Amino acid sequence: MSWDQVWIDVNVATMSPSVSAPYGAITDAAVAVEKGRIAWIGLRSELPEFDVLSTPVYRGKGAWITPGLIDAHTHLVFAGNRANEFELRLQGASYEEIARSGGGIISTVKACREASEGELFELGRKRLNALAKEGVTTVEIKSGYGLETETELKLLRVARELGKHHHVDVKTTFLGAHAIPPEYKDNAETYVDLVIDEMLPAVIEENLADAADVFCENIAFSVEQTERVLTAAKDAGLDIKLHAEQLSNLGGSAMAARLGAKSVDHIEYLDETGVKALSQSGTCATLLPGAFYFLRETQMPPIELLRKHKVPMVLASDYNPGSSPLCSSLLMLNMGCTLFRLTPEEALAGMTRNAAKALGVEDNVGVLEVGMQADFCLWDITTPAQLSYSYGVGVCLEVVKSGQLVHQ
């Protein structure tokens, strides 16, 4: 037997449903990698004989291996910051009040319109590096801070370039319908026409997006406007997803589920009718505790209903300058448990197996099984629950991406 590398003296949280133990755990395990994929995984005592002289063998010293983490919802490419709005909120202003007065997303739009692709790339690279050091091997990056054709394309080009020049896999999402720009303040329908008739075809022509998203909320786009954009995107061959039920229950999630959305995100105000719609369509529910925490919200997502109806729960950072300037996936694991009362196993599934499903890459990453891409992390922990329990100590020892050691 000949492999490219073998890992021994490790415990593995495979996160695979085919392994009955919590976390899909295999203790005292071994993992073999060949051509960037997992060639063998199981008990070390059952490891087939192999050529130890020609095969690199890594000893984990009892550490834990998990799938590479997947951050399935970020707005990672942007310029500027909104620290001044942070101060305003602490003085009593609400997120909606700031948005309606021309702040919020619109202030970041101005900064992004003025920034060059090179400047945006460097800003994005630093943020991507920060996530990568915590074990993230796949990330989603949205546009949405252009709200005009050229800047939306610019943001997506930068996201694509980050994917080409970084070991982290990048999935891109077109979010032209993120907010109504000031120049269309009294004519939202015309802006929706622009998104559908001009922006979307340009995005498709340059192959800049894997999916499309809309912010469906009272301060943004109605359910009817949202459906128009998502339908056009789906017809153009993109996956679809949605920001929904963050501030109120408009029924956007049920509509998106009917259209076959990969995920609906935020969903603090989602009701049981919406949860049932997600369950029936196989749509994931993406939980964003960073925004919940940073905005000091009090309405929790319907976790018990999601469990009851077996909706896959995803956990993501929502990293952005306004409502979640928290560039840490490990922090989200902790917040998912402490704020939303997920179990540590649910939280880790939300950043591995279920996150892969939300991005449509579940056949390639998210669990550790034979044939899957060899994306995994080695952690200095004694139990997988420790990833959610503790935060701030550098527990990520090594990261393997497609069989290559990329972080030590």
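Including glycine, each Cβ sits where the backbone N, Cα and C put it.
Keep in mind that what you see is a predicted model, and the values were worked out from it rather than measured.
Annotation comment: Swiss-Prot describes His73, His75, His243, Asp318 as Fe(3+) binding site. Within 10 Å of the Cβ of His243 (Fe(3+) binding site) there are 28 other Cβ atoms, across all protein chains.
Per Swiss-Prot, the feature Zn(2+) binding site maps to His73, His75, His243, Asp318.
Among the features that Swiss-Prot reports, 4-imidazolone-5-propanoate binding site is placed at Arg82, Tyr145, His178, Gln246, Ser323. Under the DSSP three-state reduction, His178 (4-imidazolone-5-propanoate binding site) is assigned to coil, being neither helix nor strand.
Listed in sequence order, His75, Val77, Phe78, Ala79, Ile105, Thr108, Val109, Ala111, Cys112, Thr151, Leu155, His178 are the same-chain residues at least 6 apart in sequence whose CB falls under 8 Å from the CB of Tyr145 (4-imidazolone-5-propanoate binding site). What Swiss-Prot lists as N-formimidoyl-L-glutamate binding site is Tyr145, Asn320, Gly322.
Note: Gln246 (4-imidazolone-5-propanoate binding site) has non-local neighbours Glu217, His266, Ile267, Glu268, Tyr269, Ala291, i.e. same-chain residues 6+ apart with C-beta under 8 A of its own C-beta. Largest CA to CA distance in the 4-imidazolone-5-propanoate binding set (Arg82, Tyr145, His178, Gln246, Ser323): 20 Å, whole number.
Note: the Cα of Asn320 (N-formimidoyl-L-glutamate binding site) and the Cα of His73 (Fe(3+) binding site) are spaced 10 Å from each other. For the pair His73 (Fe(3+) binding site) and Arg82 (4-imidazolone-5-propanoate binding site), the Cα-Cα distance reads 19 Å.
A C-beta separation below 8 Å, combined with a sequence spacing of at least six in one chain, links Ser323 (4-imidazolone-5-propanoate binding site) to Tyr95, Gly290, Ala291, Phe294, Leu295. Working note on the binding-site residues His73, His75, Arg82, His178: by count of other C-beta atoms within 10 Å of each C-beta, His73 ranks first. A sphere of 10 angstroms centred on the C-beta of Asp318 (Fe(3+) binding site) encloses 27 other C-beta atoms.
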